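Only one structure is covered here, and it is reproduced in the block below.
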Amino acid sequence: MKIFREVFELGNKEIILETGGMARQADGSVTVSCGNNVVLVTTVVKKSVADGTDFFPLSVHYLEKTYAAGKIPGGFLRREGRPSEEQILISRLIDRSIRPSFPDGFFNEIQIVATVLSYDGAFSPDILALIGASASLAISGAPYDDVVAGVRVGYTNGKYILNPNKQDLRDSDLDLVVSGTDDAILMVESEANSLPESVMLGGILYAHKHLKTIINSINRLAKVASKPRIEYSIYQINKFLKSQIKSQFFGEIKNAYTIASKQERNLKLNAIRKNVLEYIFSSDVDGNEYTEKEILEAFHDIEKDLVRSNILEGKPRIDGRCTETIRPINVKIGVLPGVHGSALFTRGETQALVVTTLGSDRDAQLVESLDGIEKCRYMLHYNFPPYSVGECGMVGMAPKRREIGHANLAKRATQAVFPNEEAYPYVVRVVSEILESNGSSSMATVCGSSLSMMDAGVPIAEPVAGIAMGLIKDGAKYAVLSDILGDEDHLGDMDFKVAGTRYGVTALQMDIKIKGISREILEQALEQARAGRLHILGIMNEVIKEHKEAVSDVAPQIHVMNINPAKIKDVVGRGGATVKGIVEKTGAQIDTSDSGEVKVFAKDKKSMDMAVAMIEEIVAEVEEGQVYKGKIVKLLDSGVFVNLLGSQDGYLPFSEIEQAGMKTNSLVEGQGLEVLVQNIDRGGRVKLSLVAR
């Protein structure tokens, strides 16, 4: 058993790549170690293309084992179940990083599995998994010539931090992951605290500069440990077939792409496709028999060439816009009467209905990970039903990877402006229902989420808007597109989503389909996105630019009280009897903590006020010189103890009672008296006198 090893440094941390010791029946197998973190990444490549496959079936699975952190899973079965949303997001991150490096037309199935075997809690294993995926591919024999690497970058006090640990990220204004090849950037994923575009661009370039060290190490490992290159074929469009279709139908296709409406355009194109199939099947084009798949692939290639060439030649886009024009926007808030907050955001043929719901601490999501159980106060969910694109399909199923990814992007975009628990004790759930989609539904979700939360009275620091940028590139010629359509995303070379406030960027997500882009293109895309974002924010601000001061009449009420910690036991009562009584009488939900914090959550203001008043009565402190009504709770030889505020007793001597003209032999327990607080000594003992009748 021969083991090969490569060692390099990343941000003053030693990273070790090793192959030959584990999972040797996989085509590629690499362990990546940093400190006590160990990730095993395997690659298996099918040696032939499955019948009927007309796409690249790459699948990436990132898995965390609880034993890696010395823990036993929860649940009845006590074993790992389906991947968490975080694991799915990391799987997508790896997939998006490596997919552009494969040749067009390569359709062999590839499966990559990254398994976290050991975890020290200091660093997230996601970057190790990404590096391991690239290394295992490089030695697997797959056609993977442009080796990819990825790094994370933070930004604190005006300085970039390479490979930050989790504590660094907590103090950082930026969490940026960049992947790419030696000479090109392929993928960007980030969350930021409204940073300027210049800082974001600087972070991307800083990250790319440090990829070379990782790539060189992977190449050295591949040089000594790589398997022979597999034999594979590349699917190619039949050029003669394409020319025949173009000669007969190009004029019709060209006219179809002048129709701005997506539905009308698709109806026209479907009719042309039907005619193309009939023409090819009924005529002896060149003596060959073509399949429907081959014909439609050639037709699609003509569409792609047409749309791209029109844009590069400066002609109007599919819907008649120029490269920088944003589609018409319509904004409405408060569109649903029975919810806590709502917004309907429409941009062209993309529409998001976004609803905000307020809840208490008990509604917070508990997220289990290798770090333990974390309470999540802000949830954002994204739903993409089939009717949004005029199709039939499965409804009510678990969210797909794409839906999870879009929800995460929108949440990261708005996380920077979301209030902390001290400022806003509510738990918030935002749901985006995509009602129509023709490009950029995730950015519509960002805009709608900001509007919906402001409508619900959530005190977000600033409104947030998002825009999706595209790219058409052919050699040295290129065009950056603002607010891309679905077809422009599908037929273009880049999907670059930018979200932020008027002050700066809060989230970036970039995916490239070509072999990377230059600094010049990045700068133009960021600047064009900034102009588009400010335009969208201006329209949103005309409807609502600050959160509503009060929550909706149908929203629950929440009140936070900070009382003397010693009084918590009085609020709770013996065996919880007191707090249960308040809950039963008012219908409110009450949470207490040993620090003295009491949270009261009620369905309406009346229940809230009643519960707060009852708690205030229990925890109220008596004051010298004040008169109180109390009840005798204990008789002594020299006087009586009188309960004043439910939780505090005072001593009333018989001499004071007699001085007020009352006979002491008539006193009984439970009898009501009106008393004056004469004195409270250092020990908290209260001396009373009787108020004369």
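Note that Cβ sites are derived from N, Cα and C of the backbone, with glycine treated the same way.
Per Swiss-Prot, the features are:
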BINDING   Asp489, Asp495  Mg(2+) binding site
DOMAIN    556-615  domain 'KH'
DOMAIN    625-693  domain 'S1 motif'
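Ranking the binding-site residues Asp489, Asp495 by the number of CB atoms within 10 A of their own CB puts Asp495 at the top.
Per-residue pLDDT, averaged over the domain 'KH' (556-615), rounds to 90. Within the domain 'KH' (556-615), the DSSP-based counts of helix, strand and coil residues read 32 helix, 16 strand, 12 coil. In the three-state DSSP assignment, the secondary structure recorded for Asp495 (Mg(2+) binding site) is strand. Residues of the domain 'S1 motif' (625-693) grouped by DSSP class, helix first, strand second and coil last, total 9 helix, 33 strand, 27 coil.
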